[in-house]
Amino acid sequence: LGRMKPVIVVHGGAGRIFKEREEGCRAGVVRAALQGYSVLKQGGSAVDAVEEAVRSMEDDPHFNAGCGSVLNEKGEVEMDAIIMDGKNLDSGAVSAVKCIANPIKLARLVMEKTKHMLLTDHGAHLFAQAMGIPEIPGEKLITERSRERWKKNLEPDSNPEEFQKDLGTVGAVAIDSEGNVACATSTGGLSNKLIGRVGDTACIGSGGYADNHSGATSTTGHGESIMKVVLARLIHYHMEQGMSPEAAADTALDYMKTRVGGLGGVIVVNKAGEWAARFSTKQMSWATVKDDNLHYGIHAGEEHVKSVDEALASEREGF
């Protein structure tokens, strides 16, 4: 088998990214892509690479996942995450988990250490304890910004829907040198959501999908809309019919918009290593590394390109 050139693509969520947060979001997706790529370059698997990239964004308070997650109606963080291995279609997910720093790590353990695919809330908590995942106080995940937004949304004349436009999810897709693909997605969900609300992220085929026969996809956007059209799987269907990643992504996003009025964004890599980052929202922070070149952007039509060496050098100097 000819060795594949590894590729990683990441997103930091689709929606509206406020001016003062753009730099941080750009730097965050670039860092995640470089970290995931370095796993691939060292011969690591696609699964390892997407987990590492997503962990990096969970730890970055700029993103609505892990630290920096938005709060539910009661002012708590409840997180969802999924990971999937395209080799054998193994997948692991967690939903409504609290008090852990990296839900993506727990999702990976669900995939590898249980016969199940999705653990939720209290059961996920017990499993995390059994696996020795350290518990952290819920407050540690809450940023000033998330608390401010939660308070604003509680005001009688507020419209939480308005605020949800600039929230996303984080995700990664990759193909490794063996030609295996994987996806990972993680989120804090919707601001002021009902307790126990689970969105698309934890649902296989909606928040993400990976199959060596077609490729890998991670989604972001309005969760309920994504679930209605099973967005990630829909993109794979279009690729199976012969569409390029970009055409498949655009066709599926367009269908979601016309059919259910939902907006979102996706990252895709196909089995040949072709990639796409597409969105129907105002913005989506994304980055990809292929052939030792880093590409990244936030606005429609925006694409910066740097060599990985150059990017790593500026990374060390602090972007």
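Quick reminder: no glycine exception, Cβ is built from N, Cα and C everywhere.
From a predicted model like this one, the values you see are computed outputs, not experimental measurements.
Record features, source TrEMBL:
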- T169: active site, nucleophile (ACT_SITE)
- R197, V198, G199, D200, T220, G221, H222, G223: substrate binding site (BINDING)
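Calculated from their C-alpha atoms, the gap between T220 (substrate binding site) and the residue listed as 'active site, nucleophile' amounts to 5 Å. G221 (substrate binding site) has a Cβ environment of 28 other Cβ atoms inside 10 Å. Each of the binding-site residues R197, H222 was scored by the other Cβ atoms within 10 Å of its Cβ; the lowest score goes to R197. Counting only residues at least six positions away in the same chain, the Cβ atoms of S206, G207, T219, G223, E224, I226, M227, L231 sit under 8 Å from the Cβ of D200 (substrate binding site). Of the listed binding-site residues, namely G199, G223, the sparsest Cβ surroundings within 10 Å are found at G199. Residues listed for substrate, R197, V198, G199, D200, T220, G221, H222, G223, cover a largest CA to CA span of 16 Å. Counting only same-chain residues at least 6 apart in sequence, those with a Cβ under 8 Å from the Cβ of V198 (substrate binding site) are D80, S95, A96, T120, G189. The Cβ of the residue listed as 'active site, nucleophile' has 34 neighbouring Cβ atoms from other residues within 10 Å, across all protein chains displayed. Between the alpha carbons (Cα) of G221 (substrate binding site) and the residue listed as 'active site, nucleophile' lies a span of roughly 7 Å.
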